[in-house]
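In what follows, a structure is listed as structure tokens, so that the remarks can point back to it.
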Amino acid sequence: MDELKKLAGVTAAKYVKNGMIVGLGTGSTAYFFVEEIGRRVKEEGLQVVGVTTSNRTTEQARGLGIPLKSADDIDVIDVTVDGADEVDPDFNGIKGGGGALLMEKIVATPTKEYIWVVDESKLVETLGAFKLPVEVVRYGSERLFRVFKSKGYCPSFRETEGDRFITDMGNYIIDLDLKKIEDPKQLANELDHTVGVVEHGLFNGMVNKVIVAGKNGLDILEK
């Protein structure tokens, strides 16, 4: 599967042209995209500026010699390539399994062409089998946890090595084990209006193209 993920990442990189501002995604498949951009910068003289979606991707891009700018310094991103944890037939998706959902959504929002690279296991009929990440400020997070629990959302604080996971932006993540999300847009609206929620992992209708790596090769889905 790694070879297919690599092929998907390399294929996505073909959408990147000289002079572009490029959003560099986070995750196991997006990793190969960033590697390919780095190779083209070094070997082909590709001239691009990258905007990263996590500290991990920043380190990777710097190591490859990709010039970077902060999201604060740009108004439009030409193309962003990132991964996803689930994608439904309406091009709604869940992201944030790696904990970078806030920065990923900040980079996705001003992007003209937003591309996801995934393996075929990520294609689902209905979102929700993958736990929905919700990034929350630490202050009041226990109360927010109880609110989610009272709604039957089966929340859990994300942990790493026995401690609470802290995002690159210094927040906690509460994962919601919803099993099935019947109305992603309604849930996104609810979470958008919940005080203490910084961002959530529902990316509804944002993506233009999904490059799928499967056992029979690549499939490119477009809106």
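Placed from the backbone N, Cα and C atoms, the Cβ positions cover glycine too.
Together with Thr26, Gly27, Ser28, Thr29, Asp82, Gly83, Ala84, Asp85, Lys95, Gly96, Gly97, Gly98, the substrate site in Swiss-Prot holds one more listed residue from Lys112, Lys122, Lys149, which is Lys122. The two recorded residues, Lys122 (substrate binding site) and Glu104 (active site, proton acceptor), show a Cα separation of 18 Å.
In this structure, Lys122 (substrate binding site) is part of a helix by DSSP. Put simply, Thr26 (substrate binding site) is 8 Å from Glu104 (active site, proton acceptor) when counted between their Cα atoms.
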